[in-house]
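First up is the structure itself, then whatever we jot down about it.
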Amino acid sequence: MAIIRSKIGIIGGGISGIAAAKQLAKYDPIVFEATDCIGGVWKHCSYRSTKLQTPRCDYEFSDFPWTQRDNTNFPTYEEILDYLYSYAKHFDVLKFFNFNSKVVEIKFVGDPEMNYFGEYGSLLTGNPVWEVAVRNNQSQTIQWYAFDFVVMCTGKYGDIPNIPNFPQKKGPQVFNGQVLHTLDYSKLDQEASTKLMKGKKVVVVGYKKSAIDLAVECAEANQGPEGQPCTMVVRTLHWTVPHYSIWGLPFYLFYSTRSSQFFHERPNQGLFRTLLCHMLSPLRRAASKLIESYLEWKLPLEKYGLKPEHPFEEDYASCQMAILPENFFTEADKGKIMFKRTSKWWFWEGGVEFEDNTKLEADVVILATGFDGKKKIKAILPDPFRSLVEFPSGMLPLYRGTIHPLIPNMAFVGYLESVSNLHSAEIRCIWLSRLVDDLFKLPSVEKMLAQITQEMEIMKRTTRFYKRNCISTFSINHSDEICQEMGWQFWRKTNWLAEAFCPYNSQDYAEEK
């Protein structure tokens, strides 16, 4: 079968793949999506109760606002999928998608001696740099493609579950009940998921958003006297937020304005700014304490032993903050959700056992233990590039959250997190399209690596949970630097008052004509 030649290939059809296809549309990119539809994790990793964790106006494309963007209700995953489909149809990007097309191998065919960055010109070399093998999920045939440039949009979530390691003979195989990951659970319809949990002793392992939503669904399936409680096994506590208001103040005032982010360390800030940031650190800690005091007053954290020992700002700085379903603690008060704190646990034939030698009987154990995004990349990247996605900190080293300085003619979108991952993906795709258009040049490899290292050091100093590429405390500055690189004005508001005290969102970064 002959190799199909094209300039740009995009791997993945979630929000990042959709954004990349739209911004690179002039090059007629080929988008490979392993499933039969767009949407990524919103389609394949959502439960019936899954909702967005931010207001919809904070999760929209800059040139395609929600029809009800001022609706304060968090949209459901079905609403988000409808929005993504509307966007894709409006900008006619579905024509670029090859569905049921799974990338199984990538080969580097470029010149290993050539420097692909900086003063060496366009990223579209005119010659193939990567060959991509794609398996059609229906015919099982393999088709090879050749590209000048490849954009990886497989994301950090979905596809490959992160399964804990267990002591020998203490893994799922010794358990007489049913074990599944949230990835498996998300494939069940409402009837099947209710049947799985109703009247069963269910253990949910984890205490992030997926685990919390799952525990509520379990409680709802077990109403009435015959219902069994759901037990959450909690290893690491994180702060949870009931809504976007703190002591009557909008949450964005604390972290999402230029003035509030002024108190936080950011890259390239200079000596004076570093000293000023250090002097203002008590105000930063005071903001965190104010939020903590509200959450302790509003939520029964002490009652259930769920109060974290670390400051709230560390969860925010690592993109770990979760929005609680309205009835989470209501169900806990009814005895339908229970909690077990532990550092280590394993299976026994009747359920799960803990390091304090206590045992918990279970019929079903659901692992809300996350996903292994790097494993997805490493499974298809060839050597020697496969080893370059590993980094001592655990984070993927990317310049502007997009370019790996040592992997030629390849971009990564969707591996950097902020308050709005959709905005993070879109602005990087806008930046990437201008880079491909040769409207600006990348810095030297040394300068890119220095920038990456500086950002990682800031994340490491800001939070103990630094193994995530999260820029939430300096997201505006990050966008400023991207705008500057593209030649855009980086102060995007209409006046200085709005610039200082209003939150930034995608609408502020509408494309300049």
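Just so it is clear, glycine is given a Cβ too, placed from its N, Cα and C backbone atoms.
Automatic prediction, not curation, is the source of TrEMBL annotations.
Record features (TrEMBL):
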type    : residues            : note
BINDING : SER16, GLU33, ALA34 : FAD binding site
Additional residues around FAD, ordered along the sequence, whose Cβ is within 8 Å of the centroid of SER16, GLU33, ALA34: ILE11, GLY12, GLY13, GLY14, GLY17, VAL31, PHE32, THR35, ILE38, GLY40, CYS153, THR154
Nonlocal residues around ALA34 (FAD binding site), in sequence order (Cβ under 8 Å, 6 or more apart): ASN100, SER101, LYS102, VAL103, ASN137, ASP159
Other CB atoms, at most 10 A from the CB of GLU33 (FAD binding site): 24
Residues SER16, GLU33, ALA34 [recorded FAD binders]: greatest CA to CA distance in Å: 15
Cβ neighbours within the same chain of SER16 (FAD binding site) - under 8 Å, at least six residues apart: GLY40, CYS153, GLY155, VAL413, GLY414, ALA425, CYS429
